[in-house]
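Asker: What follows is a structure written as structure tokens; I'll ask about it next.
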Amino acid sequence: MAMSASRPPRRSDAGLTLLEMMVVLAIIALVVGLGAPRLMENFGRAKGQAAAAAMANVKSAVQLYYIDTGRYPSETEGLSALLTPPSGVTGWGGPYLDDATATVDPWGRAYLYRFPGADGSFDLMTLGRDGQPGGAREDSDITL
């Protein structure tokens with residue numbers, strides 16, 4: 001039985017040195033550090049776009065309510081009038097929305113409904129991520 005002499009590992013077989021690992025980790029950290037803010041900005045923009053799309057759906061539901069009943073929900077009745085018929089309203093053909101979650105913005109707050117609105121009909125609004133009037137980017141208000 002012949003014994004084979006084991007040879008010392010070549011540089012290519014040894015793996016990465018500590019310095020090489022540190023360089024790789026630094027590069028990964030740099031890529032993540034530069035990419036994360038942009039990713040978060042896109043995520044915030046997507047929430048704003050989702051809010052606008054959902055508000056368009058709620059606006060259509062309010063308009064269907066108007067077609068059926070001949071009037072917009074009062075500010076007191078609010079958007080809940082799209083889910084359950086208010087007392088004394090004739091012609092209600094709802095529910096006009098699938099469920100109450102349709103009346104909540106992507107940040108977890110109820111859409112603001114104003115009647116009468118600026119143009120005489122109604123306003124539908126969300127105050128954005130911060131929940132405060134005004135703001136920029138994802139904190140900006142969206143009104144339909």
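Glycine residues also receive a Cβ, built from the backbone N, Cα and C atoms like all the rest.
Positions annotated as domain 'Type II secretion system protein GspG C-terminal' by TrEMBL: 38-143.
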Asker: Do you know the DSSP helix, strand and coil residue counts for the domain 'Type II secretion system protein GspG C-terminal' (38-143)?
Answerer: 44 helix, 11 strand, 51 coil
Asker: Could you tell me the mean pLDDT over the domain 'Type II secretion system protein GspG C-terminal' (38-143), as a whole number?
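Answerer: The predicted confidence over the domain 'Type II secretion system protein GspG C-terminal' (38-143), as a mean pLDDT, is 88.
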